[in-house]
Amino acid sequence: MSPQTETKAGVGFKAGVKEYKLTYYTPEYETKDTDILAAFRVTPQPGVPPEERGAAVAAESSTGTWTTVWTDGLTSLDRYKGRCYHIEPVPGEEEQFIAYVAYPLDLFEEGSVTNMFTSIVGNVFGFKALRALRLEDLRIPVAYVKTFQGPPHGIQVERDKLNKYGRPLLGCTIKPKLGLSAKNYGRAVYECLRGGLDFTKDDENVNSQPFMRWRDRFLFCAEAIYKSQAETGEIKGHYLNATAGTCEDMMKRAVFARELEVPIVMHDYLTGGFTANTTLSHYCRDNGLLLHIHRAMHAVIDRQKNHGMHFRVLAKALRMSGGDHIHSGTVVGKLEGERDITLGFVDLLRDDYIEKDRSRGIYFTQDWVSLPGVLPVASRGIHVWHMPALTEIFGDDSVLQFGGGTLGHPWGNAPGAVANRVALEACVKARNEGRDLAREGGEIIREACKWSP
C-alpha cells in the first residue's frame with residue numbers, strides 16, 4: 001500500500017465502535033415541518049444513560065449500525081440520519097423515559113405504510129441494549145400525508161351512498177362465527193338486516209373454510225341483502241371478508257363482491273398486511289366499494305404497556321393505508337382515563353386536525369389536510385342497555401357493532417335487531433330533545449321497551 005493511500009485512509013475513515021449519542025443525540029435540533037416525528041417509551045438496560053439509549057433508537061431506526069463504516073463517507077449523514085432531539089421522564093416510572101426522534105422525509109417511500117414501519121419499527125425493537133421499547137405516537141407531516149390516498153371514500157361519502165344521516169350506524173357480527181353453512185349464515189344475515197340493522201359482518205376469521213367456502217357465503221349474503229332492501233326500503237350491507245392467503249385471492253373476492261353489486265367488503269389489515277390493505281383500498285376507491293377494517297392481532301402489538309406499539313399509531317397507519325371503518329373497541333364500563341385515551345385515537349380517525357393533548361395520549365398535533373376520515377366501530381360485549389352511553393360517547397359518526405347483543409335475543413335474530421334499532425332511535429331522539437343520556441339513559445330505554453320486542 002502506498003503512503004498516499006495510507007494517508008487518505010487514515011484521514012477519511014477510522015474503524016471501531018463509538019457512542020451513538022456523539023452523532024444521533026442532538027438536543028439543539030429544531031424539527032422541520034417535513035420531518036416524521038416519533039415518541040418512543042424506552043426502558044433501557046441498567047446503567048445506560050438516557051441520551052445514549054435515545055440516540056441508539058434514532059440510529060438503529062435510520063442510518064446507524066453498531067460501528068463506523070467506510071461508506072458513511074459516500075453520503076450525507078446529516079441529511080439522512082434520525083435525530084433524538086428531546087428526552088423526558090415518564091411520570092411514576094423511574095426507569096423509563098420518552099425519547100423523541102425526528103426522521104427526514106427522504107428516508108421513506110411515498111405512499112407506503114409498509115416502508116414507513118419497516119424503517120421506524122422494523123429492527124430496533126430487538127436491540128439488546130433495551131429491555132423494552134414502545135412506539136407511543138407518530139406525527140405524519142402534511143408532505144407525506146399527501147402521498148397517500150387514504151380511506152376509499154370516507155365518512156360523508158359513505159353516508160351519501162347509504163342515504164343515512166343524523167345517527168350512528170348499526171351492525172352485528174354473525175354468530176357462531178365458525179361452523180354455519182353458507183345458507184344458514186345467509187338466513188341470519190337476512191333476519192338481522194330485515195329487523196333494522198344497517199350492516200351485518202363476517203367475523204375476522206371467516207375466510208374460506210371447508211364448512212363454508214367464500215363464494216357460497218358471498219352469494220347467500222348478497223341474496224339476503226337484496227331481499228332485506230326490498231322489504232325495508234333501506235340500503236343494507238354485509239361486510240364480506242375478502243382476506244385471503246394471497247393478494248391474488250383477496251382481489252378475486254373483492255372483484256366478485258363488486259360483480260354482486262354489494263356495497264361493502266372487509267379486510268383484516270394487520271394479519272393481511274399493509275401492502276395488501278392499500279391494494280384493496282385503491283380497488284375499493286376505483287370501484288365504489290366501502291371497506292370495513294378489522295384489527296385482528298392488534299393486542300399482540302399494542303397490549304403491553306412497555307413494549308410494542310400503541311393502537312393510536314396503528315389507527316393513523318390505517319387512515320393512511322385506507323379503510324372506511326375500523327374497530328376501535330368500546331369505553332363502556334372502562335376507567336375514565338382509558339376513555340380519554342380511546343376517544344383520543346377516535347378523534348385521530350375522524351377529524352381533519354387534532355391538537356396535541358397529552359391527557360388523551362396525543363403526543364403531536366396532527367394535520368390530515370384532505371385525507372378522508374374513518375368511522376370508528378364500537379364493539380365487544382355491548383347490548384341495548386349500553387345504547388345511551390354509546391350514543392353520548394361516540395356521537396353520530398360511528399358504527400355500533402353488536403353480536404350477542406342482537407343474536408342473543410330470546411325471541412330470535414330479527415327481534416334482536418328491532419330492539420337495537422328502537423333503542424338507538426330512542427336515544428337519538430332523546431338527545432335531540434335535550435335530555436341527558438348519562439342521567440336518564442335507563443329511563444329512556446325502559447320507555448322504548450313499550451315499542452320493542
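Glycine is no exception: its Cβ is also placed from the backbone N, Cα and C atoms.
Binding of substrate is attributed by Swiss-Prot to ASN123, THR173, LYS177, ARG295, HIS327, and within the candidate set SER76, SER228, SER379 the record adds SER379 to that site. The recorded positions near THR173 (substrate binding site), taking a 10 angstroms Cα-Cα threshold over the set LYS201, ASP203, HIS294, are LYS201, ASP203. Shown in sequence order, ILE293, HIS294, ARG295, PRO376, VAL377, SER379, GLN401 are the residues of the chain, 6+ apart in sequence, with a C-beta less than 8 angstroms from the C-beta of HIS327 (substrate binding site). Listed recorded positions near GLU204 (Mg(2+) binding site): LYS177 (candidates ASN123, LYS175, LYS177; Cα-Cα distance within 10 Å). In terms of C-alpha distance, the listed recorded positions ASN123, LYS175, LYS177 place LYS177 closest to ASP203 (Mg(2+) binding site). The least crowded of the binding-site residues ASN123, SER379, judged by other CB atoms within 10 A of its own CB, is ASN123.
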